[in-house]
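Below: one structure, written as structure tokens.
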Amino acid sequence: GEGGRGLKQKLPLLKEMCLTLKMWEAGCAFVMLLMAVYWVTEVIPLSMTAMLPAILFPILGIMKSSNVARAYFNNFHFLLVGVICLGTSIEKWGLHRRIALRLVTIVGVNPAWLMLGFMSGCSFLSMWVQNTSAVTMVMPIVEAVLQQILKAKKSGCSGKDNPNLQLEGRLITLHIGQPSLECRKIIPPACPQQPKQKGPGFPLPTSSNHKDRMLCKAMCIGIAYSSSIGGITTLPGTSPNLIFSEYLNQIYPDCNDINFGNWLLLCLPISVMMLLLTWIWLYWLFIGSDFKFLWQCGGKMSEKEKAAKKVIEEEYNSLGAMRPQEIITGVVFVLMVLLWLTRSPGFMPGWASLFPNHSGYMTDSTVALMLGFLLFIIPAYGPSRKYEAMISWEEFQALMPWKVALLVGGGFALAEGTKESGLSLWVAELLTPLGNLPVLATITIASIIVTTMTELTSNAATSNIFLPILAPLAEAIHVNPLYVLIPTTLCTSFSFLLPVSNPPNAVVFSYGHISILDMVKAGLGVNVIGLLAVMLAVGTWGVPLFSLNTYPDWAPVLPGFNSTMP
């Protein structure tokens, strides 16, 4: 009839629309695969690979150039700017050294407790600043202490005590109030037994025995790992956490389940468990299986412990009393954390409820940017000196990770492209058969894949690759997307195996105390510890915290599923 003829006339148009949709999906899949290959192989800089959506999406007709550009700069970048402002002030005025040394003096100078003290300090710092920055802040102090321990035995050509912190082949000069320790090359002392060592590392003194070298290995690897462990604790602590948070806001705009407070409640126990188990694992692997120190208190200190205690006390005393600049930085830091925690805690109204007409307008980035802005205004000195702000633009710019900002922006653009092209829906339909597996098994497999992948490519790149795949997977098996995305996001930070896995590993490796084989052996155990801790957390207290056992209203329901289905 007439209706049939009308439908027949529309069939070519429908076929053309379907063909166009498939072309968009195929084009977006091509861009995703190309970016994944480039990110893994690093044939061109990672940040330039992130520019591919801006070039290819308009050419392939997936998105307009103006729409792609909007995806590159969003809420994530404001939060990053605010956090880096605080990190700049912490590093400039030396607050990080005071925190790290204070923690070390609390736990004592027994090698095992000393290692835990430095790991705790680095982990705490990495909760608020970039992991690489935390390592570069702590490692010079660790190196000075290690050299004093190695020189405590008065034997060989380097047996004398070294009050000037003179290292073999290097001299560390302390600048009070400066962000780090400045190193300059000097002629190494004559020592015919000293083995030749390539690279920028610090050679070990010949007097050091096997146990001393093992202590150096354990201490250095512990610093690298603790920065990654501490970074997962807070949303701004590491790039994958920020990427996950912003991706969630972008793909599921009605989702308000993730905030600074409940993320801290989930991940702080994970970090504590991982830190303690990693500490025990590294002690057993490198130092020995004698754990009597855990219940033995007091006792006479050895010469090495006395040397370590002396240098730590000298370092801490050299800082003097807290200066006004450190106090201001500390106040801004505490205020930022408190405002993050109380903005919208969930179990009670937060300060955001004071603005009922602007619900959802203010986020954690608003707080970070406001306090970061104040650091450019607050005077560092009193009226007796020329006005100088707490931080300058040059100091901020030196620490701002512009490469990460571009890399993350490319991931957001890619995620938006998968949504616009329909690729995410196609992937969800393709992965529907995985719903026959137990949910925990699916999540475990995904976490293992992500953990393996992140050893070979950057953490941010791994997040950008897998988030657009894992979110449709959760929708396909009708599971709360947070149930899949949270554990895999945390596992993205577990890059412990190789020096090239992440920058903190590379920084520590450059000191020359550890080999690649040392890091591989240690990293395998820490990967297992991290994976088990995350699965335990997500499967227990994470379920009521985020209502993971129910499919949320803010997630789409695919055809074939009942919206009331648990």
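Placement of Cβ uses the backbone N, Cα and C atoms for every residue, glycine included.
Summarising the annotation, TrEMBL assigns transmembrane segment to 46-63 (among others). Taking Cβ pairs closer than 8 Å, the transmembrane segment (46-63) reaches residues 23-24, 27-28, 30-31, 34-35, 38-39, 69, 71-72, 402-403, 406-411, 413-414, 416-417, 420-421, 458, 460-461, 464 in its own chain, all 6 or more past its ends.
Within the chain, the transmembrane segment (72-90) has long-range Cβ neighbours (under 8 A, six or more residues past its boundaries) at 54, 96, 125, 128-130, 133, 236, 242-243, 245-246, 249-250, 325, 328-329, 332-333, 336, 363-373, 375-376, 390-391, 395-396, 398-401, 404-406, 408-410, 412-413. What TrEMBL lists as transmembrane segment is 72-90 (among others).
Within the chain, the transmembrane segment (110-129) has long-range Cβ neighbours (under 8 A, six or more residues past its boundaries) at 83, 86-87, 90-91, 96, 99-101, 103-104, 135, 137-138, 141-142, 145, 149, 215, 218-219, 222-223, 225-231, 233-234, 236-238, 271, 275, 278-279, 282-283, 287, 293, 304-305, 308, 333. Summarising the annotation, TrEMBL assigns transmembrane segment to 110-129 (among others).
When Cβ-Cβ distances below 8 Å are used as the criterion, the transmembrane segment (214-235) is approached by residues 111, 114-115, 118-120, 122-128, 131-132, 134-135, 138-139, 142, 146, 149-150, 204, 208, 241-242, 245, 258, 260, 263-264, 267-268, 270-271, 274-275, 278-279, 282-283, 285-287, 364, 490, 493-496, 502, 504-505, 507-509, 511, 513-514, 518-519, 522-523, 526, 530 of the same chain, each at least six residues removed from its ends. Positions annotated as transmembrane segment by TrEMBL: 214-235 (among others).
Under the heading transmembrane segment, TrEMBL lists 263-286 (among others).
TrEMBL lists 327-346 (among others) with the feature transmembrane segment.
Marked as transmembrane segment by TrEMBL: 366-384 (among others). Among residues of the same chain six or more beyond the transmembrane segment (366-384), those with a C-beta under 8 A of the stretch's C-beta atoms are 78-79, 81-86, 88-89, 236, 324-325, 328, 332, 335-336, 339-340, 343, 390-393.
The feature transmembrane segment is assigned by TrEMBL to 396-415 (among others). Here the transmembrane segment (396-415) has long-range neighbours at 31-32, 35, 45-47, 49-54, 57, 68, 71-74, 76-77, 80-81, 84-85, 87-88, 91, 130, 133, 239, 242-243, 246-247, 250-251, 458, 460-461, 463-464, 467-468, meaning same-chain residues at least 6 beyond its ends whose C-beta is under 8 angstroms from one of its own.
According to TrEMBL, the transmembrane segment annotation covers 435-453 (among others).
Sequence annotations record features per position, and here TrEMBL assigns transmembrane segment to 524-546 (among others). Tertiary neighbourhood of the transmembrane segment (524-546): same-chain residues 225, 229, 257-258, 262, 265-267, 269-270, 273-274, 277-278, 281, 285, 440, 443-444, 447-448, 451, 480, 482-483, 486-487, 490-491, 494, 496-497, selected by CB-CB distance under 8 Å and a gap of 6+ residues from either end.
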Seminar exercise, completed: Same-chain residues at least 6 beyond the ends of the transmembrane segment (327-346) with a Cβ under 8 Å from one of its Cβ atoms are 82, 86, 89-90, 93, 95, 128, 256, 259-262, 264, 352-353, 362-364, 367-368, 371, 374-375, 378, 380, 390
